[in-house]
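Below: one structure, written as structure tokens.
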Amino acid sequence: MSEKIATKSEGANSVSDVDLEVVAITGGDGKLQRNYGVWTLSAQAIVLPGSWAFAATALTIAIFGGGAPVAIWGTICISVCLCVVVACLAEFGSAYPSAAGCTHIASKVAGPKWGRFCGYMTGAFHCLGGLFSPPAFLIVLSQLILTCAAIFHDDYNPTRWQVFLLYQFWNVFALLVLLYGSRILPLLSSIAFVFLAGGLFLTIGLLVGFSPVKAADDIVWFDFQNFTGFESPIMCTMLGLLGPIYGFGPPHFILNMAEDVKNPSRNLPIGLAAQQIGSTIMLLGFYIAAYYTVLDYDALFQSSFPSVVGAVYLDATNNRAVTLILLLIVLVPAFFACFNYFLANIRLMYGFARDGAGKFPH
């Protein structure tokens, strides 16, 4: 290891002491480009889960599972609980910055006896999730595009093969961007953050401005409604909380960007804090505005749109042009978040394989 570090520090392409320290901690080869600073990492941290944009696509989950109170108060409770998790991730991520993320942390924290086993199991389940979560992400994007097409055509019925073609298009496009445009990803993250934050304010303004009638305060803040089919209010509430949880996304993915970040021991905790604060503010703002303006729940359940968020916006504004604008506001940051989400999953699997999970780590 000392020879490897000495070799990297010689010549014209020298690296900083912090970078050498990360290479020494992780056992990596230092080949990843450190394109992210504290601001671009914070922007990516907020964009990565999609926050309110993807909570919008799961709005009916909260409507079925308790209604608006579960979504709003649940967001606050989940945020408080996640603060504890994020604080732990920030501490360990600062001490053990690695592209393997939680895999590397589990290996270190479990000690020499159980470290390898715990690290392998943590990485294996994370990689398993990494195989299935990006396809779900792409399907949401495909459904949003088809919903935009269906807004002005009542007789249009999207088919599965159309969703599949759009899904494959996103796959290939994301591959090309990650393969040839990795240097511009920090810039794309900053642009996506502007769209995500600015789009939220524009969405709230359009929803409130175009909605002819507002819901009563009691319905939004206190009226618990169980449409799940389960008699237990606890089960209903747990199902309703899936919407806010989906909006917060996986905070541990930021740890997998450790070797793409300058001075990760300092910047990773800042990025995690930015993600937590940004997601909480955006989710609360969107949920409050949405549930004050959406009144006809039956229209949402009976909607033929591929993505229910189209029915939500159309019911709230009664204007197809405004609905299309609102859908594009959701689609644009989700489009940029797609690249960040794929990159985090790739770094997860890269770190897991490099740490010796398979027979050919190099």
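For all residues, glycine too, the Cβ spot is worked out from N, Cα and C.
Caution: TrEMBL annotation is automatic and unverified by curators.
Copied from TrEMBL, the annotated features are:
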- 41-64: transmembrane segment (TRANSMEM)
- 70-90: transmembrane segment (TRANSMEM)
- 131-152: transmembrane segment (TRANSMEM)
- 164-180: transmembrane segment (TRANSMEM)
- 187-210: transmembrane segment (TRANSMEM)
- 230-249: transmembrane segment (TRANSMEM)
- 270-294: transmembrane segment (TRANSMEM)
- 321-344: transmembrane segment (TRANSMEM)
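For the transmembrane segment (187-210), the residues of the chain that approach it from at least six positions outside its boundaries are 39-40, 43-44, 46-47, 50-53, 181, 278, 282, 285-286, 289-290, 292-293, 313, 316-319, 322, 325-326, 329-330, 332-333, 335-337, 339-340, judged by C-beta separation under 8 angstroms. Beyond the ends of the transmembrane segment (230-249), by six or more residues, the same chain brings 48-52, 54-55, 58-59, 61-62, 64-67, 70-71, 74-75, 78-79, 82, 224, 279, 283, 287 to within a C-beta distance below 8 angstroms of the stretch. When Cβ-Cβ distances under 8 Å to the transmembrane segment (70-90) are tallied for each of 131-152, 164-180, 270-294, 321-344, the top count falls to 270-294. Most Cβ pairs under 8 Å with the transmembrane segment (131-152) belong to 321-344, among the candidate stretches 164-180, 270-294, 321-344.
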